[in-house]
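Colleague: Take this structure first; my questions come after.
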Amino acid sequence: MKESTVIHFPFSVRRGVWLSKYSTFRIGGPANYFKEVHSTSEAQRVIQFLYSHNYPFIIVGKGSNCLFDDQGFDGFVLYNSIQGKEFLSDTTIKAYSGMSFSFLGKTLASSGYSGLEFAVGIPGSVGGAIFMNAGTGKQDTASVVESVEVINSKGEILSYRNEELEFGYRKSRFQNHNEFILSATFRISKNSSSLQIAKDLLESRLLSQPYQQPSVGCIFRNPPGNCAGKLIDEAGLKGVSLGGAQISLKHANFIVNTGRATSHEVKELIRMVQDKLRSQGISLEEEIRIIPYRLP
């Protein structure tokens, strides 16, 4: 189906919603159609309809890893607000995908549960953490995931075990399969030191990352055996600006929005960094999702 086709949805939708409001970068034009879902049944209905009508769509959680286009998105944006968690046992907890990953980690650590302390300070959703296999230099989401529930194109709920999720460094099967991540079950354990561990990790992040400015976290994946931020800094690019976009002075693998940055400016900075490092024989792969105005 072409994006310009007039379509009548059997559920309420919003039009012209500015995606800058749903991105931690504060960048992005209006979505053609926008729908926020709050329940499993609602998500099933929307997903099934979109697939059956072959309508282009993207799924968004907290928007903490997305660079939206200045023109917006000529398709359907499905915004995931499915919240909630439940203990399945003393060693497992199920969390729904729209929940804040950082809040989940903080809640568990405050209750004396270990396993997700590293999540504190990661600004995305549970679903986003699964999608990107979010983590730190020492631990990632894959290390504590037991299983993940998804909604497929028919609106059915399926479950994948950890070994079926194709986890890799900042990668998962969901980057190649457009399934709706519904929930994840995590392995946890009791630990009286968990809250202090979480506090220490958060303090370290606050000291080293530009949390006070709009960004979408690390722009590039670290090359094997090296750190992208260190390489960018050594290339003399820290602090370089283009319009309202700037390579962070605090952490060179972050690009921050200093006021009125556009997606074009951010993408040009990304190209500048890649070209500079490529001239030194180093290839940098983007970690963020760059969402085009139209899907290919």
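Each Cβ is built from the backbone N, Cα and C atoms, and glycine gets one as well.
As annotated in Swiss-Prot:
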DOMAIN    26-191  domain 'FAD-binding PCMH-type'
ACT_SITE  Arg170  active site
ACT_SITE  Cys218  active site, proton donor
ACT_SITE  Glu287  active site
Colleague: List every residue in the same chain as Arg170 (active site), at least 6 positions away in sequence, whose Cβ is under 8 Å from its Cβ.
Modeller: Met132, Asn133, Ala134, Gly135, Arg221, Glu287
Colleague: Only counting partners 6 or more residues apart, tell me which same-chain residues put their Cβ under 8 Å from the Cβ of the residue listed as 'active site, proton donor'.
Modeller: Ala228, Gly229, Asn253, Phe254, Glu287, Ile288
Colleague: Could you tally the C-beta atoms, other than its own, that fall within 10 angstroms of the C-beta of Glu287 (active site)?
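Modeller: I count 20 other Cβ atoms within 10 Å of it.
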Colleague: What kind of secondary structure is Arg170 (active site) part of, going by DSSP in three states?
Modeller: coil
